[in-house]
């Protein structure tokens, strides 16, 4: 528990300081957010606000992860070092952040709303997702456990649902496709949510808080752990405590970033941050074997994504009519006259309730047990 608190504290402090310095740098360089003319008129005042703040979050998370392990090793030379699961999650987070950075940089340098086109963005996301999935299904430990598995999971692996039903080769291929669906959905879900000051960062804080608790519990009830209640209900998740550490570090980093990102925002996370955060959330779901549960824990991102899908589908089916005043959903309420802060806080409440329901679903079997 001490390393988790230490990691969260280090990342919080580093982001608080680093973001302020980054804001000054971006202002000096003239790197500000471009605002679309067809968006809510209230957003025009945000034109020129520094963006790409996600770069600070990504860099801080990596640094805090290494520092926490270094300090833990200095205190106790027998303390475990960075895990394969930890490195894989950082790879996915940084890789998606790089895609977002390219998108942000094109927008800023050319002062337009379009960065990478949709096809290029999806291709880059898929390439990183494939690399992550292939690596995650390899690197077995001495117990034969790989960071990820071909089994489909809810709060744990679902009996009888294994993508390797027709052999290992097909199982790996199907897992790569399955993992990429989760990664693409999560990254774009967070990206769509990042439309109001503090909305995506605040909602993500609660999700990473949930994965911190999940990782701690999975570690305590890990197969082979002396604290496990029973070998029949233990978890076979690889490196759960290190995943909990990373979740706590990202939790702290986002709280620090939220200090500067809350309304009126001094900096935006940009696609650099939203894609990185979405990638990390997907990584936690895959590596902690809670893939379907993510639809509840990250339910706010699901609802906002669905609002876009419904808007586009309704528009095409009705020949130009709109279901919402504007999509994503948060902009619909803006155009209805809700204050930005009101929308953000109410969406946080909704997101928090969904996280609580997700945690309840995760722990439900233990209440019954």
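Backbone N, Cα and C atoms are what each Cβ position is placed from, and that goes for glycine too.
As given in Swiss-Prot:
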type	residues	note
TRANSMEM	2-22	transmembrane segment
TRANSMEM	55-75	transmembrane segment
TRANSMEM	82-102	transmembrane segment
TRANSMEM	120-140	transmembrane segment
TRANSMEM	163-183	transmembrane segment
TRANSMEM	196-216	transmembrane segment
TRANSMEM	240-260	transmembrane segment
TRANSMEM	267-287	transmembrane segment
TRANSMEM	292-312	transmembrane segment
TRANSMEM	349-369	transmembrane segment
Contact ranking winner - 2-22, 240-260, 267-287, 349-369 against the transmembrane segment (120-140), Cβ under 8 Å: 267-287
Range from 55-75, 82-102, 196-216, 240-260, 349-369 with most C-beta pairs under 8 A to the transmembrane segment (292-312): 349-369
Residue numbers, six or more beyond the limits of the transmembrane segment (349-369), whose CB comes under 8 Å of its CB atoms: 154-155, 202-203, 206-207, 209-210, 213-214, 217, 229, 233, 290, 293, 296-300, 303
Interface present between the transmembrane segment (240-260) and the transmembrane segment (55-75) (three or more C-beta pairs under 8 A): yes
Cβ pairs under 8 Å between the transmembrane segment (82-102) and the transmembrane segment (196-216), at least three: no
Surrounding residues of the transmembrane segment (163-183) on its own chain - C-beta under 8 Å, 6+ positions past either end: 92, 96, 125-126, 128-130, 132-134, 136-137, 148-152, 278-279, 282-283, 285-286, 291, 294
